[in-house]
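The next block holds one structure in the form of structure tokens; read it before the comments.
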2 protein chains.
Amino acid sequence: MQRDVCTQVEEFLRERHYKLTVPRREVIRILHESHTPLSVQEVYQQLQDIKADIASVYRTINLLCELGVLTRLDFQEKLYRYELSDPFTPHHHHLICKKCGNIENVFEQCLPAGFEEKIRQRSGFAIESHILEFYGVCETCSEQATSDP
Amino acid sequence: MQRDVCTQVEEFLRERHYKLTVPRREVIRILHESHTPLSVQEVYQQLQDIKADIASVYRTINLLCELGVLTRLDFQEKLYRYELSDPFTPHHHHLICKKCGNIENVFEQCLPAGFEEKIRQRSGFAIESHILEFYGVCETCSEQATSDP
DNA sequence: GTGGCTGCAAAAAATTTGCATCTCC
DNA sequence: GGAGATGCAAATTTTTTGCAGCCAC
């Protein structure tokens, strides 16, 4: 059975001699428990009882991004969203509905084998990661569009 | 021979009864002439002699994004970048070098045929567009890394 | 001629920073 | 005990907005 992801992240930080403070643990927990990527404001709002400052949320999220623990995503809203990165969550992509804004994950489908290697051969560019997001209309919204003229 | 892209965008706006003012034309021209996506600040700085306000640059860029003329991109910097979208520029993706920040275009390589259709079948999600960006180290930077220990 | 833009200035929103205090190791 | 984090408040940066005057159509 897989070890708890929060513990993994905490060990990752401990190994690098970062202190495991309450605000940091909470930010990690909130991001881990969320099924969709969260904005800074959303993380801050979910802190509730733990009275951490928004400056600490920013500092924690920036730190985790620099360390590669978090990936920052842009879904064409007026904010950034964050989620745990590849080592701490299964590799996946997103479907973003242009109508309702809902975000779904796609785990099954990724770039075909050799795709990045072909690019390296042509450009000499050594690819380490990619971001792939799909925009469209989700099933629910397209059904509504058909019934509501 | 293909008609000038700036003219195409201008006609697109005219058809929708938007006025073709000097600031709008300039923003379109600057974005069209750039080989890489630009930030709002960069567009503003390139205006130089034409003394347009940065508020107008924001308004123009926001308008063009809403109309789908521009695509907003996030390369994990602390700003957004913009470039002309699909109908006004050939479909392509980007290689972003993590070391020097350089951005290259990839025109040749895109998602294989049927990729988006497979996702639709599994999720019911009707995909209209996608964003795909690659992060890694460009040829120049990886050569430097080998020689400089 | 006039409605939609622009420039300007001011406001709002988002993010960062300085510093005294606190707390994790 | 001490380095490093936090909270708070202030500063900075980014983006939006109100409004009078201007200009593309």
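Just so you know, glycine gets a Cβ as well, placed from its N, Cα and C.
Listed in TrEMBL for this protein:
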{"type": "BINDING", "residues": "A:His91, A:His130", "note": "Fe cation binding site"}
{"type": "BINDING", "residues": "A:Cys97, A:Cys100, A:Cys138, A:Cys141", "note": "Zn(2+) binding site"}
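Note on the binding-site residues A:His91, A:His130: the fewest other CB atoms within 10 A surround the CB of A:His91. In sequence order, A:Lys98, A:Lys99, A:Gly101, A:Asn102, A:Val137, A:Glu139, A:Thr140, A:Ser142 are the same-chain residues whose CB sits within 8 A of the CB centroid of A:Cys97, A:Cys100, A:Cys138, A:Cys141, the residues recorded for Zn(2+) being left out.
Closeness to chain B is evaluated for the binding-site residues A:His91, A:His130, A:Cys141 by Cβ distance, with values under 8 Å counted; counted residues in sequence order are A:His130. Cβ neighbour count for A:Cys138 (Zn(2+) binding site) (all protein chains, 10 Å cutoff from its Cβ): 22. The Cβ of A:Cys97 (Zn(2+) binding site) lies under 8 Å from the Cβ of A:Ile103, A:Glu104, A:Gly136, A:Val137, A:Cys138, A:Cys141, each of which sits 6+ residues away along the same chain.
The two recorded residues A:Cys100 (Zn(2+) binding site) and A:His91 (Fe cation binding site) have their Cα atoms spaced 24 Å from each other. In the three-state DSSP assignment, the secondary structure recorded for A:Cys138 (Zn(2+) binding site) is coil. Counting other Cβ atoms within 10 Å of each Cβ, the binding-site residues A:Cys100, A:Cys141 show the lowest value at A:Cys100.
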